[in-house]
Amino acid sequence: MAQGTLYIVSAPSGAGKSSLIQALLKTQPLYDTQVSVSHTTRQPRPGEVHGEHYFFVNHDEFKEMISRDAFLEHAEVFGNYYGTSREAIEQVLATGVDVFLDIDWQGAQQIRQKMPHARSIFILPPSKIELDRRLRGRGQDSEEVIAKRMAQAVAEMSHYDEYDYLIVNDDFDTALTDLKTIIRAERLRMSRQKQRHDALISKLLAD
């Protein structure tokens, strides 16, 4: 069976990364593509399901996982830990399923060091004006918060050239098509096709 591919996807807040990933997943069968499920020490919110939205663990369990290098990456955010389990990712990839990991550039760097065969995609907004409009469109942040988010976005975007692919999300449907095209092209790579069609190739080349 062909090994699945891990896709690292990064973008500044407001670029449409999460919406694009969710739209992609709706067009792909579950046995082809899944999104990575992280471990966290924070308490579940209403409606969240263990193993579907997050793997909920306590601080001691999380620190034990850190001690045995169980995470591809991990970080502490507002007193809670979040991390991506190497074992959980590898188990899904071994079944031939592609996995999408929505993460910032710092986490992406950690993962590339441990899984150099992962593919990475960076998503840009079409302009600063459009990014500002999208951030304001949420209608939930003050001017100070928006300014801080914009500064963070610029810092995040400065790492765009560390990635394998670049998508500019000007038109959502076009950006989604670009994302699908990347996935299709990766699945047609010789290494994956040889594994997938091993039996056919053997028969075709038999005397």
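Glycine too: its Cβ is placed from the backbone N, Cα and C atoms.
Residues or ranges marked as ATP binding site in Swiss-Prot: Ala11, Pro12, Ser13, Gly14, Ala15, Gly16, Lys17, Ser18. Secondary structure at Pro12 (ATP binding site), as computed by DSSP, is coil. Its Cβ taken as reference, Pro12 (ATP binding site) is surrounded by 25 other Cβ atoms within 10 Å in the chains shown.
The annotation domain 'Guanylate kinase-like' is assigned in Swiss-Prot to 4-184 on the grounds of sequence analysis.
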Can you give me the same-chain residues 6 or more apart in sequence from Gly14 (ATP binding site) with a CB-CB distance under 8 Å?
Pro125, Leu131, Arg134, Leu135, Arg149, Ala153
Where Ser18 (ATP binding site) sits in the secondary structure, as DSSP reduces it to three classes:
helix
I want the residues beyond Ala11, Pro12, Ser13, Gly14, Ala15, Gly16, Lys17, Ser18 whose C-beta is within 8 angstroms of the mean position of the ATP site's C-beta atoms, in chain order.
Ile123, Pro125, Asn169
Per 10 Å Cβ neighbour count, which of the binding-site residues Ser13, Ser18 ranks highest?
Ser13
